[in-house]
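Copied over from TrEMBL:
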TRANSMEM  21-42  transmembrane segment
TRANSMEM  94-115  transmembrane segment
TRANSMEM  135-153  transmembrane segment
TRANSMEM  165-188  transmembrane segment
TRANSMEM  194-214  transmembrane segment
TRANSMEM  250-274  transmembrane segment
TRANSMEM  280-303  transmembrane segment
TRANSMEM  315-337  transmembrane segment
TRANSMEM  357-378  transmembrane segment
TRANSMEM  414-436  transmembrane segment
Amino acid sequence: MTQEFSLTEGKISTTLLRFAVPFLLASFLQALYGAADLYVVGRFDTAAGVSAVAIGSQVMQTITGIILGISTGGTVLLGRCIGEGNPRGAAKAVGTIASSFLLLAVILTPLMLFLTESIVTAMETPQEAAEAAKAYIFTCSAGIPFIIGYNAVSGIFRGLGDSKTPVYFILIACIVNIGVDFLLVGGFGMGAEGAAIATVAAQAISFLAALIYIRKKGFSFPVYKKDFIPDPESALRIWKVGLPLALQDALVNISFLVITAIVNTLGLVPSAAVGVVEKIIIFAMLPPTSFASAVAAMTAQNLGAGKADRARKTLWFGIGYALVFGVLFCIYCQWNPESITGIFSKETEVVSAAADYLRSYSIDCILVAFIFCMNSYFSGYGKSVIAFAHSMLATFGVRIPATAFLSRYAGESLYVMGLASPLATFVSLVICLFFLRYLHRKTVGIL
């Protein structure tokens, strides 16, 4: 039987940590098998191959962000039902999550396959990397149903308060991806396309393992076939939270694609360097992302149980934990960034350019400790539109214009361009603090 775990009892700091650490491990493994593509291609292919995988990875990260946003809506709904002690509501939530994600797969997969070439062109992909980038994106797009399936299952587990079980599935994916990467890229010289095949194979096996587990274990509450017919009320609650988050993630990631397009106009080395840093930043963002996900799940369950004060305290513990990681990472990047950027490329020029970019970009890791947890707190209350609003303003009002402006002064160093992201996040932080203060005064129960 699939277990439920209460997030409404016990010491907040300990409960949050116990939930977040397995999620952090799962996220690390997921990022690891994603980084394996770039690492192996960097070791066995050229800068063009690195650029292709870096660009393709950013595109797929955008798709994953959309899926994860909607998944959070499912997590929040299921968490509320569990906190309320509502087994029928929980069963409807599980069924509606499954049917909603099936529909998403049917729409998103052919759309991405059709748009692959247009995306590569729109991103100003360096000519040397264009064909490899097309192959990578097209192949990964074919595996979108597996990405969607895994995130749907993970969202269900998180809603149940179980962040440990998904670790096993992603561990399987990590092992498969790394092994097939070395086989196809290192052994057969298939470059970016081989890396994409490895990724899809890993995602497929991970999802199938999750399905087998659920079918064998079941749930602690009865789930019937009729529950998989979308329940309008459950679907509305999922999309009310999930859609703003999905749009937020999509538009923020699109903004990074725009930034990549701007950087691509500077040449192959800057393109590869920024791609390397974006992959590193994915790892750096794992702690705040993990604690933020824990905040969302705990907030949802505690609100369902009528414990708003416990939910509020969870927010600040989450920020505190995430901040420790952000500060330590930023300090290290000021001291020796080459030791990190050198992992993903053997070319001196790329390593050096990436190090300059990472020095300034890493400041963002401190600021997002606040933003990610606040966004999850808002989402746990069903007010993800707040996160959407400030993210859009900061992204399109600050990050993209700042990158375009600062790119003129990049010269021989990408350091100045790396300041665009922390500048945008700072604007988001100011807006978030305003909303927290406003809601504290004007909205009953929000704080």
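Start at 1 and count along the chain as shown; that gives each residue its number.
Using N, Cα and C of the backbone, Cβ positions are placed for all residues, glycine too.
Whatever TrEMBL says is automated annotation, not expert-curated.
Under 8 Å from some Cβ of the transmembrane segment (135-153) lie the Cβ atoms of residues 52-53, 55-57, 59-60, 63-64, 67-68, 71, 74, 97-98, 101, 104-105, 108-109, 112-113, 116, 119-120, 166, 169-170, 173, 192-193, 195-197, 199-200, 203-204, 206-207, 210-211, 214, all in the same chain and six or more residues away from its ends.
Beyond the transmembrane segment (250-274), the same-chain residues lying 6 or more positions past its ends with a Cβ under 8 Å from any Cβ of the stretch are 47-48, 50-51, 54-55, 58-59, 61-62, 65-66, 69, 122-126, 128-129, 341, 345, 347, 349-350, 353-354, 357, 391-392, 395-396, 399-400, 403-404, 407, 410, 414, 417, 420. Below 8 A, the CB atoms of the transmembrane segment (194-214) and the transmembrane segment (21-42) form 3+ pairs separated by six or more positions in the chain. Here the transmembrane segment (165-188) has Cβ contacts under 8 Å with residues 2, 22-23, 25-26, 29-30, 32-33, 36-37, 40-41, 43-45, 150, 153-154, 157-158, 194-195, 197-199, 201-203, 205-207, 209-210, 213 of the same chain, all six or more residues outside its ends. Counting only same-chain residues 6+ beyond the ends of the transmembrane segment (21-42), those with a CB under 8 A from a CB of the stretch are 49-50, 52-54, 57, 154, 158, 163-164, 166-167, 170-171, 173-174, 176-178, 181-182, 185-186, 191-192, 195-196, 198-199, 202, 275-276, 279, 282-283, 286-287, 289-291, 293-294, 343-346.
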